[in-house]
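J.: Below are the features listed in Swiss-Prot for this protein:
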ACT_SITE  C173  active site, acyl-thioester intermediate
BINDING   R75, G76, G77, K78, I79, T80, Y81, H82, S142, L143, G144, G155, L156, A157  substrate binding site
DOMAIN    36-211  domain 'BPL/LPL catalytic'
SITE      K139  site 'Lowers pKa of active site Cys'
Amino acid sequence: MQHERMNRPLIIRTLGRTDYLATWQAMQAYTQSRDEHSHDELWLTEHAPIYTLGLNRKGVRLPSRHDIPLIEVDRGGKITYHGPGQVVIYVLLDLKRRGMSVRSLVSAMEDSMIALLAEHGVTAAARADAPGVYVEGAKIASLGLRLKHQRSYHGLALNIDMDLAPFLAIDPCGYQGLQVTQVRDLGIALTSEAAAQKLLDKLTTQLGYTDRLTENTL
């Protein structure tokens, strides 16, 4: 029975642009309803402009602009921005069933993005003091997770081809003056759609899945 559960296909949901609040609530509901037979899932999406404030709120500078909504959420970390042209992948895994630590999951997420950039000649790295992926000190991807009963939700956001100006109104991830960058500005000619598929392939491999199914709805 344990072998059967470990080899259930990974479900990849390609959702297009979604409402942040509705997607967050769907993640919570799925995680709450999970049992030992539930599939692990990756949700690929993109959001309309929104700031999200994680659970680590001490000393956070709130956005200096008010034309973009701000929502308080239950992931780790501080404040970040989501918007069109950014690849978002939510990671809904049963870590206990997979024998995976949170640190291993974070590393898999970071390593998949680092490998994607390396394919295009860009050297990127993670930082122990600030989860995410960086290119020459500028942040190109953010991470944030929540665990309930060793089941994860939330995930990663990789900047592809977006308006970076909203990041100027915050201290990304709580770091004053932290620069941000994106795939387009590094001279990589990848659409969000192409980058998303490449990243899904790499993340699936990093997580150790060999069988996956794709669906387009929640």
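Cβ coordinates are placed from backbone N, Cα and C, and glycine is handled just like the others.
Keep in mind that what you see is a predicted model, and the values were worked out from it rather than measured.
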J.: Quick one: pull the CA-CA distance for Y81 (substrate binding site) versus K139 (site 'Lowers pKa of active site Cys'), whole Å only.
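T.: Cα of Y81 (substrate binding site) to Cα of K139 (site 'Lowers pKa of active site Cys') measures 12 Å after rounding.
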J.: Give me the mean pLDDT over the domain 'BPL/LPL catalytic' (36-211), rounded to a whole number.
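T.: Taking every residue of the domain 'BPL/LPL catalytic' (36-211) together, the mean pLDDT is 96.
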J.: When you measure from the Cβ of R75 (substrate binding site), how many other Cβ atoms are you left with inside 10 Å?
T.: 20
J.: Return the count of C-beta atoms lying within 10 angstroms of the C-beta of I79 (substrate binding site), excluding that atom itself.
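T.: So the Cβ neighbour count for I79 (substrate binding site) comes to 23.
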J.: Given G144 (substrate binding site) and C173 (active site, acyl-thioester intermediate), what distance in Å do their CA atoms have, once rounded to a whole number?
T.: 10
J.: To the nearest whole angstrom, state the Cα distance for the pair the residue listed as 'active site, acyl-thioester intermediate' and R75 (substrate binding site).
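T.: Answer for this pair: 12 Å between alpha carbons.
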J.: Within 10 Å of the Cβ of Y81 (substrate binding site), how many other Cβ atoms can you find? Include all protein chains, please.
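T.: Step by step: centre on the Cβ of Y81 (substrate binding site), count other Cβ atoms within 10 Å, giving 27.
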J.: Would you count the other C-beta atoms found within 10 angstroms of the C-beta of K139 (site 'Lowers pKa of active site Cys') for me?
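T.: Its Cβ has 22 other Cβ atoms within 10 Å.
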J.: I need the CA-to-CA distance for K139 (site 'Lowers pKa of active site Cys') versus R75 (substrate binding site), whole Å please.
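T.: Here the two Cα atoms lie 19 Å apart.
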J.: As a test of the contact definition, list every same-chain residue at least 6 positions from L156 (substrate binding site) whose Cβ is closer than 8 Å to its Cβ.
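T.: Expected: V88, I89, V91, M109, M113, A141, S142, L143.
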J.: 10 Å Cβ neighbour count around G144 (substrate binding site)?
T.: 24
J.: Have a look around G77 (substrate binding site) and count the other CB atoms within 10 A of its CB, chains all included.
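T.: A 10 Å sphere around the Cβ of G77 (substrate binding site) contains 22 other Cβ atoms.
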